[in-house]
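In what follows, a structure is listed as C-alpha cells, so that the remarks can point back to it.
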Amino acid sequence: MADLLLGVNIDHIATLRNARGTIYPDPVQAAFIAEQAGADGITVHLREDRRHITDRDVRILRQTIQTRMNLEMAVTDEMVDIACDIKPHFCCLVPEKRQEVTTEGGLDVAGQVDKMTLVVGRLADVGILVSLFIDADFRQIDAAVAAGAPYIEIHTGAYADASTVLERQAELMRIAKAATYAAGKGLKVNAGHGLTYHNVQPIAALPEMHELNIGHAIIGQAVMTGLATAVTDMKVLMREARR
C-alpha cells in the first residue's frame, strides 16, 4: 500500500495570532516546524473575510514552504485571480459562507459543472493541481470528473461528528465506497475535516486514500505537546493504520 501523506492545516495558528492582533504566533514559523516534523504539505484557507490567514501570509508561505502548498479557497473571481498570481502547488475549491465557524459541507459540483470546468481549467493553465472538496456522493464524483479535476477531497465531517458507533461505521462505509468509486474513475482521493487522533485511523486505513488534511486537532494538541510532537504523533497513527 502506498504511503499516506499528511497535509497540516495551519489556519488556527493565524486564528490565535489574530485574537490579539499581534504578529505572533507566525504561520510561516509554524509551517517550517510542521515540515521538519514530517508534514508532507502545508494547507491554508484564505477565506473571503480573511478571518485567519491573510493575503500576506499566503504570499510569504508560497516563498518559504519547502514541501507543497495547498490553498483552500472559495470559487470566486477574486480567489481565482489570487491563486493564478501566487501559483500554489495545489488549490482545493471549497464552499464558503461568511457566518459559518468552519466549512460545513461539500461543494455542489454537480449543480455548477460548467462554472467548475472553467475554474479548474484556468487554474490548470498556470500549473496548479486542483482538488474539489465534496461529500462522499457518486453524483458529485462524476461531476468532478466532468469538470476535469485530478483530485477530490472527501468531506469527513459527518464521520467525525457521528454520535454513535453505528452512525460512524455507516459514514465510514459511505466514504470507503466513494473512495473506491473515485479511484476507479482515475481521481486521486484525499480526505479531511474533523479528523482527530481518535478517529483518523479507520480513514487512514482506506487503501485509496492519498492524503489527509488535518488542522484543528493538530494545532489543539500542539498547545499541549508542541507542534513538532503533534505532527509526528499524527504521522505515527497514520502509518500504523497502513500496516
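In case you wondered, yes, glycine gets a Cβ from its N, Cα and C as well.
Feature list (source: Swiss-Prot):
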BINDING   Asn9, Arg20, Gly194, Gly215, His216  3-amino-2-oxopropyl phosphate binding site
BINDING   Asp11, His12, Arg47, His52, Thr102  1-deoxy-D-xylulose 5-phosphate binding site
ACT_SITE  His45  active site, proton acceptor
ACT_SITE  Glu72  active site, proton acceptor
SITE      Glu153  site 'Transition state stabilizer'
ACT_SITE  His193  active site, proton donor
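Binding residues for 3-amino-2-oxopropyl phosphate (Asn9, Arg20, Gly194, Gly215, His216) extend across at most 26 Å, taking the greatest CA-CA distance. A separation of roughly 10 Å, to the nearest angstrom, links the Cα atoms of Glu153 (site 'Transition state stabilizer') and His193 (active site, proton donor).
Among the binding-site residues Asn9, Asp11, Arg20, His52, His216, the ones whose Cα is located within 10 Å of the Cα of His45 (active site, proton acceptor) are Asn9, Asp11, His52. Here the Cβ of Arg20 (3-amino-2-oxopropyl phosphate binding site) has 8 other Cβ atoms within 10 Å, regardless of which shown protein chain they belong to.
Separating the Cα atoms of Arg47 (1-deoxy-D-xylulose 5-phosphate binding site) and Asn9 (3-amino-2-oxopropyl phosphate binding site) is a whole-number distance of 13 Å. Neighbour counts of Cβ atoms within 10 Å were compared across the recorded positions Asp11, Glu72; the minimum falls on Asp11. Most Cβ neighbours within 10 Å among the recorded positions His12, Arg47, His193: this distinction goes to His193. Rounded to a whole value, the Cα-Cα separation of Gly194 (3-amino-2-oxopropyl phosphate binding site) and Glu72 (active site, proton acceptor) is 16 Å. Reduced to three states, the DSSP call for the residue listed as 'active site, proton donor' is coil.
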